[in-house]
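In TrEMBL this protein carries:
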- Asp249: active site, proton acceptor (ACT_SITE)
- Asn9, Met10, Asp11, Gly37, Lys38, Gly39, Ala40, Asn41, Glu137, Asp249: substrate binding site (BINDING)
- Asn181, Thr217, Leu218, Gly219, Asp220, Glu221, Gly222, Gly248, Asp249: ATP binding site (BINDING)
- Asp243, Thr245, Ser279, Arg282, Gly284, Ser288: K(+) binding site (BINDING)
- 2-290: domain 'Carbohydrate kinase PfkB' (DOMAIN)
Amino acid sequence: MICVVGSLNMDLVIDCQRIPSVGETVIGKQFHTIPGGKGANQAVACGRLGAETYMLGKVGNDGFADEVLTSLNESNVNTKWIQRCSEPTGVAIISVDEQGGNSIIVAMGANNTVSKEYIVSMKDVLEKSNIIILQHEIPLTTVEYIIDCYAGKRKTIVLNPAPAMEVSDHVLSKIDFLIPNEHEIKKISSGISSDLEGYEPYIQYYLDKGVKNIIITLGDEGCLHATQKENRKYPARKVAAVDTTAAGDTFVGAFCAEYERGLNVEQAISFATIASSVSVTRKGAQTSIPYLYEIEEML
């Protein structure tokens, strides 16, 4: 069983020729509203790939919340423990250019109310979970509290440190899988300069802090898995990307779904790389995340 604790958003997406510079107005093309949020996206990936998945988080009392919950339910995600609150459902403003690149601004809304008290009330769900997936779109104090409570209790702790915020040393030492992208790996600790060449200094820094596995997602270059024993590069499948919004979330969810199913790390990474490559060929966040049968057809 996988428990995802994180954000639930409605993505407001504009397709455009290019992403505007500061002070510039660009005429967009199509506009879409698509359920998203890093936490919800990762839960959808887990659910669509067959894992028993529970989502914890908060939404508002609004129409966006209804759409977000419907998308999760239709993706085999248990939403029983998601709570509504007086704050509006989180919103992400996303611009997607013709190459599939994006820029994202998030208004946290209800996600900011995911408190320690809420987590305490979810004890039964968390204690039953084999894997707990976390990100940084809920309060960092809550993320750290969950890790402090459940690390080392026969659970696999997975942290996707996005958006990039500093992760304290005592938390790093309790993480089983740290999964940042190529930018986040350089920004999540003040203990090391963010402008060093390559990834090796960052990998060694976090391994020395006690992280057991680091998986850096590298976009169309694949990913890099590092432990104290070895580093291994996994190539990406070559595809024509149209939207990379959910690529990282799809990778995280797919990796966890397969790892929880009993695959080893290498097999789970290879599977997640395929799932992520499928997602970038489609527009939107949750609308781009593949189902298990689609991946099996490619194996």
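Don't overthink the numbers, they just go from 1 along the chain as shown.
Cβ coordinates are placed from backbone N, Cα and C, and glycine is handled just like the others.
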Which entry in the list of binding-site residues, Lys38, Arg282, has its Cβ near the fewest other Cβ atoms, using 10 Å as the limit?
-> Arg282
Least surrounded, by Cβ count within 10 Å, of the binding-site residues Ala40, Leu218 is Leu218
One should report the C-alpha separation between Arg282 (K(+) binding site) and the residue listed as 'active site, proton acceptor', rounded to whole angstrom, as 14
Fewest C-beta neighbours within 10 angstroms among the binding-site residues Gly222, Gly284 belongs to Gly222
Three-class DSSP assignment, the residue listed as 'active site, proton acceptor', comes back as helix
In sequence order, what residues of the same chain, 6+ apart, have a Cβ less than 8 Å from the Cβ of Asp249 (active site, proton acceptor)?
-> Lys38, Asn41, Gln42, Ala45, Asn160, Ala285, Ile289
Between Asp243 (K(+) binding site) and Ala40 (substrate binding site), how far is it from one CA atom to the other, in Å?
-> 18
